[in-house]
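Peer 1: Provided herewith is a single structure, encoded as structure tokens, for subsequent inquiry.
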Amino acid sequence: MLKPNMLIIIFIIVCLFSIIIFTVLKSKRGDDDESDDGFSCYNKPIGVNFPHPTRCDAFYMCVGLNQKLELICPEGFEFDPDVKNCVPISDYGCTANQN
């Protein structure tokens, strides 16, 4: 069993690591209340994928308070908002509807 002092040290390390990661992510993306494409993570759940407003092969994942990551599907795939993941391009999906 861990001693109380060891638990405090582990807690401090986890907190510092979290702060560093948050700072790095925030500096790479900047303040993110809304991007040029109009998508915002404001009042959206963290860890959920959302369709990109203009690209079939891209989606956003909200990763923090008003912070997002733009992710791209592999070649030959498109984002399906029903399953909230990348799926093979189909004759009835987003890509087909854009043509």
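The backbone N, Cα and C atoms fix where each Cβ goes, glycine too.
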Peer 1: Looking only at C62, C86, which is named in Swiss-Prot as the disulfide mate of C73?
Peer 2: C86
Peer 1: Average the pLDDT scores across the domain 'Chitin-binding type-2' (38-96) and report the rounded value.
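Peer 2: Averaging the confidence scores along the domain 'Chitin-binding type-2' (38-96) gives 91.
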